Amino acid sequence: MPDYRSKTSTQGRNMAGARALWRATGMKDEDFKKPIIAIANSFTQFVPGHVHLKDLGQLVAREIERAGGVAKEFNTIAVDDGIAMGHDGMLYSLPSREIIADAVEYMVNAHCADAIVCISNCDKITPGMLMAALRLNIPVIFVSGGPMEAGKTKLASHGLDLVDAMVIAADSSASDEKVAEYERSACPTCGSCSGMFTANSMNCLTEALGLALPGNGSTLATHSDREQLFLTAGRTIVELCKRYYGENDASVLPRSIANFKAFENAMMLDIAMGGSTNTILHLLAAAQEAEVDFDLRDIDRLSRKVPQLCKVAPNIQKYHMEDVHRAGGIFSILGSLARGGLLHTDLPTVHSRSMEEAIAKWDITQTDDEAVHTFFKAGPAGIPTQTAFSQSTRWETLDDDRAEGCIRSVEHAYSQEGGLAVLYGNIAQDGCVVKTAGVDDSILVFEGNAKIFESQDSAVRGILADEVKAGDIVIIRYEGPKGGPGMQEMLYPTSYLKSKGLGKACALLTDGRFSGGTSGLSIGHASPEAAAGGAIGLVRDGDKVLIDIPNRSINLLVSDEELAARRVEQDKKGWKPAEVRPRKVTTALKAYALLATSADKGAVRNKAMLDGL
């Protein structure tokens, strides 16, 4: 039987000093025989997705103690990408993922914790904690803060979210009063932004990986039903500890659950629901921590066979996360995939013996369990609040229409090709990614003239100054993990293209990345990035670029000889932006850039540079 890790600091005469300190935290004699379970919280008043988490760690802690464990809570940082966007703050967003992963590792290993409950929610927090959990490989369960309710206003016939406020603000024809109304209405409650953006995508993917409870990704932050997820997580983590430490059952460990097939399941879910392209970055990073050989080629392979079964904002205005929940949540999408013969259903989860068993219990089209049906009727109250579990509104009916509803069957898919695609070509030899769910059919094949910008800032200025015309392909480079550094999100450029009426008339290619709120022909993660000698750094104004999503290709239409000559010239100049960029790159960011790999590797640290240290 494996010993509790915590015995290192709780047992033996020589640990009298450590026990004295443990006692000072409130532990008693009997507690030194129990598992010490770390609660990694991410409460902060900076982020609406985390503003309600302050007391939830202690809610879980009390449940852990009732179930026979010892709970010890700590906090990680959390960056709000929406607030950090559009200025140098965005340089810190992706690097914060590594900081969060390291912080969880530091706290758990320094104090010899036996297991972890990860309370996450927004963009880089769930991925960072996931990386740490797979790195540590001790019992873990994820429970997130939940999605925000969609905004409501009389000025729009559909629900609102953050992107609506950004787009309307850039529309010169919109009155100040309309902009103010959208601003006040777009983000009405606590929780992660209400569309299928990065935060919600990742919280849904933890369900598919088998590391979170059903409903984790879709139950509203404001709804009273979400409290049960936190309480159940507290009980479940103690049970996982008993199975591993008491019964030598290694099948409950995160690397046993989140194996190669589980990563395929998660990616198939992502493709089926048209999730954020950032999820590709984060799944690749998590796979490396799990020592799972899952890469961009696997994602490309899956993207060709998985249909799109769900459309949510920003890909369609009609649906938000509250509508996904009403349609049965993630296990209903997984159920559709399973019935289509696509899903691996023999895998265990933290809550069920197999994914097949979980689908039978939680897919609303497969169960008559009234409690499950009631759970998925949880809906929005439409009352602005920053308080968790503050309302108990329910829909009168479920959306179980798999032909025309929010979630579809394979036979009635929105499209037979999924919502994400990987493109390859001479401009991105190691690949780039596009959220096809947000691309209009008329521009799936697009040839245009390159319009070069050496930074997101200059691109924003150029778009707002009407320098970008219909038929252009906006190239934003030196914004990758090294070149930024930090791989900024490009939500402002894409939002401004929409506001200028160019959403279906232009494309955008970058070695940076996109917010989950991005739609349109927006292609990111070009690898290798410009700062690493990628061909995106060789494109010149006016060059023809051909994008062919059906054939998964993207090519700069110049000869190989010309590209080779340009590379020789660029090697002499150095792979740096042609313009001076007035951004402050601190020591912390320089340290991140030094080890960062390109996006096709998940923008993780280059471990080869650390070998031998």
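The backbone N, Cα and C atoms fix where each Cβ goes, glycine too.
DSSP assigns Asp123 (Mg(2+) binding site) to coil in the three-state reduction, outside any helix or strand. According to Swiss-Prot, the Mg(2+) binding site annotation covers Asp81, Asp123, Lys124, Glu489.
The [2Fe-2S] cluster binding site annotation in Swiss-Prot covers Cys122, Cys193.
Over all protein chains present, the Cβ of Lys124 (Mg(2+) binding site) has 29 other Cβ atoms lying within 10 Å. What Swiss-Prot lists as N6-carboxylysine is Lys124.
DSSP classifies Ser515 (active site, proton acceptor) as coil under the three-state reduction. Ser515 (active site, proton acceptor): 30 other CB atoms within 10 A of its CB, across all protein chains. Among the features that Swiss-Prot reports, active site, proton acceptor is placed at Ser515.
What surrounds the Mg(2+) site, by Cβ distance within 8 Å of the Cβ centroid and not counting Asp81, Asp123, Lys124, Glu489, is the set Val79, Ala84, Ser93, Leu94, Cys122, Thr198, Ala199, Asn278, Ser515 from the same chain. Calculated from their C-alpha atoms, the gap between Ser515 (active site, proton acceptor) and Glu489 (Mg(2+) binding site) amounts to 5 Å. Around Asp123 (Mg(2+) binding site), the same-chain residues at least 6 positions away in sequence with a Cβ under 8 Å from its Cβ are Val79, Asp81, Ser93, Phe197, Thr198, Ala199, Met202, Asn278, Gly516. The secondary structure of Asp81 (Mg(2+) binding site), as reduced to three states from DSSP, is helical. Of the listed binding-site residues, namely Cys122, Cys193, the sparsest Cβ surroundings within 10 Å are found at Cys122.
When the alpha carbons of Lys124 (Mg(2+) binding site) and Cys193 ([2Fe-2S] cluster binding site) are compared, the span between them is 14 angstrom. Taking the Cα atom of each, Glu489 (Mg(2+) binding site) and Cys122 ([2Fe-2S] cluster binding site) are about 15 angstrom apart.
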